[in-house]
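Pulled from TrEMBL:
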TRANSMEM  6-26  transmembrane segment
TRANSMEM  38-57  transmembrane segment
TRANSMEM  89-108  transmembrane segment
TRANSMEM  162-184  transmembrane segment
TRANSMEM  190-210  transmembrane segment
TRANSMEM  284-307  transmembrane segment
TRANSMEM  314-332  transmembrane segment
TRANSMEM  338-363  transmembrane segment
TRANSMEM  375-395  transmembrane segment
TRANSMEM  401-423  transmembrane segment
TRANSMEM  443-465  transmembrane segment
TRANSMEM  477-499  transmembrane segment
Ligand code: PHE
Ligand code: NA
């Protein structure tokens, strides 16, 4: 008997929990700031309409189609949709991508837990006089803390603190604890508590930040900086790739995670409206909340120019350096710091369970392992492999690049092609609309059949000719260890798919 979501609201919150993650609060504002400010939103909105919404419905429909037939992951589902011997191996990407991503995502998630604890227990550096020191010196103790916490010192082997390693173990155990309780008993229950709290925390922080005003500037300056379009940037292909990449990442598309969650729907459960609702929650958490916290806070406190520098130095600096540095200097700062990191932790936790579930579902569905065994086995292997990004320089970037950026787009292309070309476009469209509280607007039929695949093909092509060669020339020994590990994971998954397929026949 396959598990099912207990209620529609629980399903929508779980799907929103899947989508709303560190990407909304850290990745989105830094990407927007680095890619033309307000002008970033033009390719962003276009990608949303032409790739993301169609793909979201495709993933929900593929997942429900497979789930009804007893399969929650793409090796088996692609085989149902397309009777071709390679279909199941193309589906391996739907296990490879989420598994590789969770191996580093869960570690970053554990930092947010560590920082939440430090914020409330007073373990973060305390206030200094910004006017006297200037921004770089003022930020230095916070930067040093992040360096000693993660032990990330550039090249070779990292030396994480005992605290970081302990928090990593605790985070893994917490994920096990939730996943072992299953879909409705674990993931859905978590989402029903964590998601409302996440939104409340984010709104409190947004209000606090938007009323910040210092001699250096105000939050409004930050919003202005973030939303003023730099029109000359629109013709830069880099911005288009970044916007499409952000849309994928933030909505969890091309990761296999949505498909697996959707496989726990009933045959005639609505997906058109539920999918839109969950995606809207994610977009609200991104464009409204995500944009109104970190960057405006930095602009109010350090001035717009310094905020720009901070944003271009990356998402980690924004979250773990400049925000705690700001909270150190406002009344009840430890509480705000705690809210900020707890918010990030909830965002991370509801996403990490979602990216772990595909491999678990694969073991349950295709090898008939019990839930408990599947969870323990998956998490055991995950825990071991996660040591590579924890300890090896540039492994995290490699894994993020290959699995989380490149394969995601390729996998998305494969999904639409299998559903709307290899399967049957008419039936695919019916699958999407069956049981819908509303129907998908007809215009999406030609979009899904023609525009989305072409758009994805162009993006893939761009990556292959432009970005891939640059990336391949970066080659430290640690990067090669990471690449070797990725190949090992891909090979092991192919082997498992082969074995399960033989067993079935
Ligand atoms: N969407 C999540 C975020 O914004 C990341 C994620 C990707 C989670 C894929 C699950 C699956 O952070
Ligand atoms: Na997101």
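A Cβ is built for glycine as well, from the same backbone N, Cα and C atoms used for every other residue.
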Per the Cβ filter (under 8 Å) with a sequence gap of at least 6 from its ends, the transmembrane segment (284-307) is approached by 16, 20, 23-26, 28-29, 32-33, 41, 130, 135, 198-199, 202-203, 205-206, 209-210, 212-214, 216-227, 250, 318-319, 322-323, 325-326, 329, 340
Listed stretches 6-26, 375-395, 401-423, 443-465, 477-499 vs the transmembrane segment (162-184), most Cβ pairs under 8 Å: range 375-395
In terms of Cβ proximity under 8 Å, which residues at least six beyond the ends of the transmembrane segment (401-423) contact it?
-> 51, 54-55, 58-59, 61-62, 74, 78, 81-82, 84, 87, 90, 93-94, 96-97, 100-101, 244-245, 248-249, 253-256, 448-449, 452-453, 456-457, 459-460, 463, 468, 471, 483, 486
Grab the same-chain neighbours of the transmembrane segment (38-57) for me: Cβ-Cβ under 8 Å, and only residues 6 or more beyond its ends, written as numbers and ranges.
-> 31-32, 226-231, 233-234, 239-240, 242-244, 246-248, 251, 253-254, 258, 271-272, 275-276, 279, 283, 287, 412, 415-416, 432, 440, 444, 447-448, 451-452, 455-456
Outside the transmembrane segment (314-332), six or more residues from its ends: residues with CB under 8 Å to it = 22, 25-27, 29-30, 111-112, 115, 119, 124-128, 130, 138-139, 142-143, 146, 208, 212, 294-295, 297-298, 301-302, 340, 344
For the transmembrane segment (477-499) and the transmembrane segment (190-210), does the number of C-beta pairs under 8 Å, pairs 6 or more apart in sequence, reach 3 or more?
-> no
Have the transmembrane segment (89-108) and the transmembrane segment (443-465) got at least three CB pairs under 8 Å, pairs 6 or more apart in sequence?
-> no
Do at least three CB pairs under 8 A connect the transmembrane segment (375-395) and the transmembrane segment (190-210), leaving out pairs fewer than 6 apart in sequence?
-> no
